[in-house]
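Scroll down for the structure; my scribbles are underneath it.
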Amino acid sequence: MRTTNVWLVVIVWVTVGWSSCTGRFVVEKNNLRVTSPESIRGVYECALGNFGVPQYGGSMSGAVVYPKTNQKACKNFDDFEISFRSRVAGLPTFVLVDRGDCYFTLKAWNAQRAGAATILVADNRPEQLITMDAPEDETSDADYLQNITIPSALVSRSLGSAIKTAIAHGDPVHISLDWREALPHPNDRVAYELWTNSNDECGSKCDAQIRFLKRFKGAAQILEKGGYTRFTPHYITWYCPEAFLASRQCKTQCINGGRYCAPDPEQDFSRGYNGKDVIIQNLRQACFFRVTNESGKPWLWWDYVTDFAIRCPMKEEKYNKKCADQVIQSLGVDVKKIDKCIGDIDANAENPVLKEEQVAQVGKGSRGDVTILPTIVINNRQYRGKLQRSAVLKALCSGFRETTEPPICLTEDIETNECLQNNGGCWEDKTTNITACRDTFRGRVCQCPIVQGVKFLGDGYTHCEASGALRCGINNGGCWKQTQMGKTYSACRDDHSKGCKCPPGFIGDGLKECKDVNECEEKTACQCRDCKCKNTWGSYECSCSGSLLYIREHDICINRDARGDFSWGVIWIIIMGLGAAALGAYTVYKYRIRTYMDSEIRAIMAQYMPLDNNPNTQLSSQLEL
């Protein structure tokens, strides 16, 4: 009876989960290009499998093989003495198998053990492509799921039939799988979500999730601290139907009046923790992220969830608020802020945090509904593949716009540096070890670099030239430069933003060669009648016969004595000119002073006696008469 009740509640939750979502499940698709034979050449769609390791950001070409026996790949190919291992220098093997009779994951595992590089599953129904997923039920041999590393894809029945027909006719079928556009990569920052759960008693899936959190934490924190990513954790919740609100099942699995629920960890209501404990811890983790994100340290969430899993496991009966608060305090976060965010879980009211989580579950645009735990969403596209550090990191790295990837995406275990072989076919200055090859996650680009503040200009493939004021400091701006007899000449000029020009005294292209100009033979200098010319490297020497002196500015020889006499004559003329000017100034000064004094004396005398030439005196005499 207890088991019946448990399954009844599980069925109700699944039904409610689907009915409450107005969105839909989106199949993540990828491009598959058939390059031969001519009859089926073209680009087709295929659906990414939700297991294995898709080569996000990369591509793979191979030859298709359709086995003569074990065509559904439900058995070990070794039993049929079939091997798909590539020959030396041969193309990788893409094995095509039929859908049906066993799990998709088992088909992939058998193909991988036989040496296949990729498995293509041909649909057996004329339907839209679906997502191949791992089995939900746990079996005794389910450990192989974690060991599947080859990519997988589902192709339509029509394409599968066309490939089989071509192989039957003896035509080699070559296919290229391209994952470079599987995820959008619009800019230099990747937004991704992790839909997770605090439950650690759900078997192998919970164990795999905790292992992933611990192993991925370092990379996630590097990306977040560097501002390369914008991470958000999410938690799936359901609500209890109104008809079951008074039931024991809803009361032990839900909070806030049945609005937010989680399944019982052990699927046994009579022992251990219940769904209510899980939903509360999920809410606490969501609030922890909110508080730390507001303080500018969102990466602390990774420390909290991994520390909580270690210090507060259900098996040790520490999965509670007391243990959680200790972890929160150890990370320097205010517990009161977390509690305030959590709010009243017993109130018959909506919780803003969990309400947003329910809304976020519904797919929008190109993203489908979130129905599987765990789920990773990268740039609004659901990740398909293994929950493994390197696989997820590759997917994240493929979400960056090319040339904006962080250093962690360019390590050897993540991608192949294509600049190491023949410099990627790009321009290179071996003298200064400057190259235009820039390694990217998807391959490489040929782009003229910026070195020590100096920008190089060019096509990046055959030519790059330093530009700007500081360009001569880097390999002399790529221009000619030579030193002889203690003298150094350069064709690079700091006052020119680009280009090379041979200095005066040289002629050439300025890049590879500048030849000395013989001014004596070219008759461009030292050509006066008494001049004697001698060419030097980069210049010339000019002398005069006898006691003559060479004036370089005027290209002339003059007499040293004549030059001295001339100089003294100029000096005497200047002295005499200054003397004449002083004498003239003194004469004018004396005349003006004398005139001024005479007028002053006459004015004084006119006050005491009449003067003959005083007009005021004559006017006074006329008035008296």
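All residue numbers here begin at 1 and follow the chain in the order shown.
The backbone N, Cα and C atoms fix where each Cβ goes, glycine too.
Feature annotations, courtesy of Swiss-Prot:
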type: DISULFID; residues: Cys419-Cys437; note: disulfide bond
type: DISULFID; residues: Cys426-Cys446; note: disulfide bond
type: DISULFID; residues: Cys448-Cys464; note: disulfide bond
type: DISULFID; residues: Cys472-Cys492; note: disulfide bond
type: DISULFID; residues: Cys479-Cys500; note: disulfide bond
type: DISULFID; residues: Cys502-Cys514; note: disulfide bond
type: DISULFID; residues: Cys544-Cys557; note: disulfide bond
type: DOMAIN; residues: 55-167; note: domain 'PA'
type: DOMAIN; residues: 415-465; note: domain 'EGF-like 1'
type: SIGNAL; residues: 1-19; note: signal peptide
type: TOPO_DOM; residues: 20-567; note: topological domain 'Lumenal'
type: TOPO_DOM; residues: 589-625; note: topological domain 'Cytoplasmic'
type: TRANSMEM; residues: 568-588; note: transmembrane segment
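Sequence features, as recorded in Swiss-Prot, placed on the structure.
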{"residue": "Cys426", "record": "disulfide bond", "DSSP class": "coil"}
{"residue": "Cys446", "record": "disulfide bond", "DSSP class": "strand"}
{"residue": "Cys464", "record": "disulfide bond", "DSSP class": "strand"}
{"residue": "Cys472", "record": "disulfide bond", "DSSP class": "helix"}
{"residue": "Cys479", "record": "disulfide bond", "DSSP class": "coil"}
{"residue": "Cys492", "record": "disulfide bond", "DSSP class": "coil"}
{"residue": "Cys500", "record": "disulfide bond", "DSSP class": "coil"}
{"residue": "Cys544", "record": "disulfide bond", "DSSP class": "strand"}
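Taking only the Cα positions, the spacing between Cys472 (disulfide bond) and Cys419 (disulfide bond) is 26 angstrom. Only Cys437, of the disulfide-bonded residues Cys437, Cys479, Cys500, Cys502, Cys544, have a C-alpha within 10 angstroms of the C-alpha of Cys446 (disulfide bond). In this structure, Cys419 (disulfide bond) is part of a helix by DSSP. Relative to Cys426 (disulfide bond), the disulfide-bonded residues with Cα atoms inside 10 Å are Cys448, the candidates having been Cys448, Cys514, Cys544. In terms of Cα spacing, the disulfide-bonded residues Cys437, Cys479, Cys492, Cys514, Cys544 that come within 10 Å of Cys448 (disulfide bond) are Cys437. Helix, strand and coil counts from DSSP across the domain 'PA' (55-167) read 31 helix, 22 strand, 60 coil. Every protein chain considered, the tally of other Cβ atoms within 10 Å of the Cβ of Cys514 (disulfide bond) stands at 24. Each residue contributes its Cα atom, and for Cys479 (disulfide bond) and Cys544 (disulfide bond) those atoms are 37 Å apart. For the pair Cys437 (disulfide bond) and Cys514 (disulfide bond), the C-alpha distance works out to 30 angstrom.
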